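Notes follow once the structure below has been shown.
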Ligand SMILES: Nc1ncnc2c1ncn2[C@@H]1O[C@H](COP(=O)(O)OP(=O)(O)O)[C@@H](O)[C@H]1O
Ligand SMILES: Cc1ncsc1CCOP(=O)(O)O
Ligand SMILES: [Mg+2]
């Protein structure tokens, strides 16, 4: 099965998927750069008078509610409608939905405008969206991982989409199939944007491949292994240097590196 994840990465490099992002201003540049490094083409198009048409011409739409403004909220409704008209994949990162009720309410309204393909968040965010008690601090998860797979499956079945919860072990499921990704490094939690960048990569991989479950697993595995390699690079134990190496390692990611993958297929 791991060879299928390698094929997902190759498809990104071969097809250069166009990914529209309506995302937060904290990590927007990181998301654009990580998409470019992976071989995709980012377009941070979010003006409410542009998004309906643009979302119909992209390979994937990435929505991230980290700094959700009223203009972004209006644009997200329009972009979800536009992407849905063409069957373009829609990837949602529900940043801080466990800490800020308005974000969860907006996500529930967005779901009435179109079908999400993937919901990717940290475990605290996923549990909160699933209506399960979650331990969060702002945009961060304090969850130790108990009941993680059950919460992901519950949300996947409720929304009819792939759900991924990141953390020490990443969980990916479509409600039936599931996998656990053991790779990664704790220093990924010491830069802002690791989750946002992971979400952008999920959108890029979904824009180049038809299987959203495998695409999500491949994107998160790529992110985690890039984190391991970035930490091993000179100065990689320092967050600022690590962040630069992370993008470099995404650009260098190949079949050999992906063989580091420790993925449990359930
Ligand atoms: N304790 C950890 N050990 C190893 N990797 C981790 C750990 N926590 C998070 N990661 C990795 O860091 C990235 C961001 O995950 P996370 O911190 O959960 O997202 P967010 O930044 O949205 O809270 C993911 O690739 C995840 O696999
Ligand atoms: C700090 C912060 N505040 C609003 S969005 C954001 C970035 C969150 O990034 P990530 O989810 O990757 O930690
Ligand atoms: Mg996050």
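The backbone N, Cα and C atoms fix where each Cβ goes, glycine too.
The Cβ of residue 44 (substrate binding site) lies under 8 Å from the Cβ of 20, 21, 22, 23, 28, 31, 32, each of these being in the same chain and 6 or more residues away along the sequence. Annotation comment: TrEMBL describes 44, 193 as substrate binding site.
According to TrEMBL, the feature ATP binding site maps to 120, 166. In sequence order, 91, 92, 93, 163, 164, 166, 195, 198, 199, 202, 216, 220 constitute the residues six or more apart from residue 120 (ATP binding site) in its chain with CB-CB distances below 8 Å.
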Binding-site residues close to ligand 1 - of 44, 166, 193, only those whose C-beta is under 6 Å away: 166
Contacting binding-site residues for ligand 2, chosen from 44, 120, 193 when the Cβ sits under 6 angstroms of any of its atoms: 193
Set of same-chain residues at least 6 away whose C-beta sits under 8 angstroms from residue 193 (substrate binding site): 26, 27, 30, 31, 243
